[in-house]
Every structure is written in structure tokens, then in C-alpha cells.
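Chemist: Sharing the feature lines straight out of TrEMBL:
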- 1-25: signal peptide (SIGNAL)
- 157-228: coiled coil (COILED)
- 253-278: domain 'EF-hand' (DOMAIN)
- 303-355: region 'Disordered' (REGION)
- 306-316: compositional bias 'Acidic residues' (COMPBIAS)
- 324-349: compositional bias 'Acidic residues' (COMPBIAS)
- 366-393: coiled coil (COILED)
- 409-510: domain 'MRH' (DOMAIN)
Amino acid sequence: MVNSHCWVNHFQAFVLIIFTFVISAQSDVPRPRGVSLSKASLYSPTKDFTCFDGTVTIPFNYVNDDYCDCFDGSDEPGTSACLNGVFHCTNAGHRPENIPSSRVNDGVCDCCDGTDEYAEPETCKNTCEEMGREARAEAQRLADLHKAGNHLRLELIEKGNKKRNEMAEQLSQLEKDKTEAIKIKEEKESLKNELEVKENEVLQVYRDAEEKERKRKAEEEKEALIKEGTEYFSMFDSNDDNVLTVDEVKGVNAFDKNKDGEVDQEEIQYFLGNNESVDKETFLSTTWPMLKPFAMSEQGVFQQGEENEEVDDHDADEVTRDLETDEGDNEEENAEDDLPQDVDQEVEPESSRIYDDETQKIVDEASEARRQWTDAERAVREIESNIRNFQQNLEKDYGPQQEYATLDGQCLEYEDKEYVYKLCLFQKVTQKSKNGGAEVGLGNWGEWAGEDNKKYSVMKYTNGIACWNGPNRMTTVNIHCGLETKVLSVSEPYRCEYNIELATPAACDESNVSQQPSHDEL
């Protein structure tokens, strides 16, 4: 790379280097243009220059010769020859600054002292003193703000640690309460089970008596239905051969379902199925349950409404169920006996029945035992819920010294022309239109998201309500020092992504603020 140089260029570069050192003479340590004081020792004019990456060593007069010899651009800090080089602005009176060396002599004043545009010095005016005064005034303002806010922050820290200790104590007490509540629940359950066994024994006498009475009535109803069906069969069986034929059916008005004056094939099939005749036994078990409502109607027993002259098939189904055998009833009743006593059944509730005094006493005791067990079980669930809440709060990160702990749950509102925004710290962010409507979730508490050592400068609230054909809403909260906790502004820089600027004394850490801007050199 060295052999490719033009000697004319190097001579010109030597002149530039001399000029550079003259310009930099304002500092005690001479160094090439664009080099910071901290790196001045790496640029010694008494020896060859080695690129910072160690790949190439060149004569010192190649430095700032407007030709890029080093791959890392370190040989051209004061020119724009290397795209990856770095130019250092001394900016005496203000903050020093590093800019890409590609910006050198580009006609734009990047350094407040104008040193990046040395080819035409008149292009840039030195504004460092003015900018320095403004920066120092702002730094002083921030320092004063943090100093005043830090007193409030210390109070928040004290309250936050007190709150955390109280939560830990309450959690410990809840754990003890849970143990005691579980013990009480188990005792109540044991008593309940014991009394329910007694209750079931004394009530079984009533159930048996009721079942016996039910069966008696069912048998009487069954006999009455069979007797009634037999009488009608005899009326319909005109030739007394104990068989009811299609011809005999056609002459009976009761088989005329639609009351059109004749018994058609569809009606015959409805009552007789695909049979040409039915015997007495089949009539009583199958045909009569369907026919009975129509026969009763024919005799004036069932009064039909004017708007519904046809007998509902539901009535026939009811009669069919009345003629079912006792075996099905017995199986159903046995199944009911196995049900818990507090399950609603189709029979009369036991609590509304009238018992003898001794039985009623046992029923009342069992009912009270069930109530007490239910209350004990509810108490355990409530304690467990409170334990989960305290555990979640104790696991939350309230800052390195618990300074944000007392802000948990505090809700702050901010209004613009269209919406009312509500930030509930460590919980959620919502938006509501001033024209009405429901609140829209803009995110739920997620995590601290500040970069590097500024973790607690940014909050993230995620998984809000989904936008129409878009992602779930989310909110970033940028935190600043302030003498009171309030929302400064709300914006939506991107669709469904919101920014909130929040001021709070909890962010006023005096140790992180310097009253004067830092300087690399004077």
C-alpha cells in the first residue's frame, strides 16, 4: 500500500500535518487533527504509525495525508479519506464529540468549534461557548431537579420497603391462616359426612313409604288405563273376534285424526303401523296409547281450541309413558336413591317435606353442617387467592431500592382532543374515546425495558387489545425525574404502538446526575 503513494501527495500531507499540529497547539499535548487527547500518545511524530488493528505500519507523515492506508481508518482521523474513520471534535467550552471522518470538509458544520470544516474555516462559526453555557445551565437545572426530587425519592424508598415488609408479613400470616382454615374445613367435612349418613338413614323410611305409595298409584292408573282400553277395544271390535281389522277401524271416528270425515290410509298406518289388523294385546300396548287422546276428544273429555282442532301427538306420548312397565320405574328410582341428598331431583324436595320432630332435627343438623362446610371451603379459596396476589406483588421488580413499590396500582389520566388515557402503574394502560364507548386496552404490565444501566427508565405494557387487522396494542412508558408523579404526554408514533412520557420523584436519583457536562479536554 505504501508503494502506491504519490510523493507529491505525501509532501502536501506533510504540510497539512504541520498545520494540524499548529491548530492543536491550543492543548498542551500536540496531536494530529481529529485525534482526541486520550489517543494522542498513539500518534507520535517521532516514530512510524501502526494502524490500530495492527495490520500495517506506515511512516508517520502518511497520517492525515488524505489517503486511506489502514483498513480501520485510524491513519486518517482528520480527513474524509476513510469511510470508517473517526474525527474528534475538541469543542473547547462545550462537550467533545466524535463524528464519522467521512463528514470532514463536507460543507456541514458538525463540530461546534468548526474544526471539521478546516478546508474553508469561514464556513463554520465557533458556537461552543454559547452551547456550553446552555448545556451547563440545563445540566444545572437537571441537577437541581434531581436534588429536590431525591428527597421525595428517599421517602418513596422508605415507604416502598415498609410496604414490602408488610406484604411479606401478611403473606406469612396468610400461610398460617391457610393451615388453620384447611384444618377447620376438614373438621366440618367430617361432621357433614357423619350427619349425612344419619340423615340418609332416617329419610330412607320416608323414601320407602313414598315409593310404595307411588307404585300403588301407578298400578291403579295402569289398571284403569287397561280397563278403559279394553272397553274401547270391545266397542271397536264389531265382530267380537278379539282382532281389530282395517275395515273395523275405518268405521270409527276416533281414528279420523284430521276430522275430515274419513279414515284414510295415512291415519290407518299411524295407528296400526304396517299391519292389516291388531289383536287385543297389541291394541292395549301400542295402539291405545296413541288413540286415547282422539277417543277422549270424540267423547268430549278433551276440549280442543278453535285454532287447533287436531289433537297434539304429545298427548299420545304422555299416555304411552303411563302404560310403561314397573320395571323401568324401579330402575329409575333405584338410581335416584344413589344421588347425593343435596342434588335436585324431580321428586318433592326433602327440605319442604314434613317430618316427625326427631327426623326434622337430624335433617336440620345435616343442613347446617353442609352450610358450615361450604363456608369453610370458601374461606380456604379466599385465603389461597390472597396468597397468590401477595406472592405476585412480592415477585414484582419495584426498582433497585423499592422506590416504585408504592406506585403499584396508582392510576394517572391524560386527556387529548379525542381520548382519555389511563395509566395504572404495574397493571395496565387503557384508552377511552371522549364520545363514549368502552375502554380499549393498550397493554398490560410486562417488564422494565431500559437499555444497559438505565433499565428502570422504560416500562413495557404488552398484549393489549388487538388492532383491526393488526397486532396487539402495546405501550412504552419513558420515565423522567419530576417532583410529582404525572403523565406528561401520550403519542402513537406507530400504528397500535403508544408512547407515554411519565414524570415521577422515583426517577430522581441524584447520584446519576452530574452538575457539569463531562469533558475529554478543555
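Each Cβ is built from the backbone N, Cα and C atoms, and glycine gets one as well.
Bear in mind that TrEMBL entries carry predicted annotations, made automatically and left uncurated.
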Chemist: When you scan the chain for residues with a C-beta under 8 Å from the coiled coil (366-393), skipping those not six or more beyond its ends, what do you find?
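Modeler: Sequence-remote neighbours of the coiled coil (366-393) are 167, 170-171, 174-175, 177-178, 181-182, 184-185, 188-189, 191-192, 195-196, 198-199, 341-342, 351, 408.
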Chemist: May I have the DSSP-based helix, strand and coil counts for the residues of the domain 'MRH' (409-510)?
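Modeler: The composition, in the requested order, is 7 helix, 58 strand, 37 coil.
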Chemist: Counting by DSSP, what is the helix, strand and coil composition of the domain 'EF-hand' (253-278)?
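Modeler: The breakdown for the domain 'EF-hand' (253-278) reads 11 helix, 2 strand, 13 coil.
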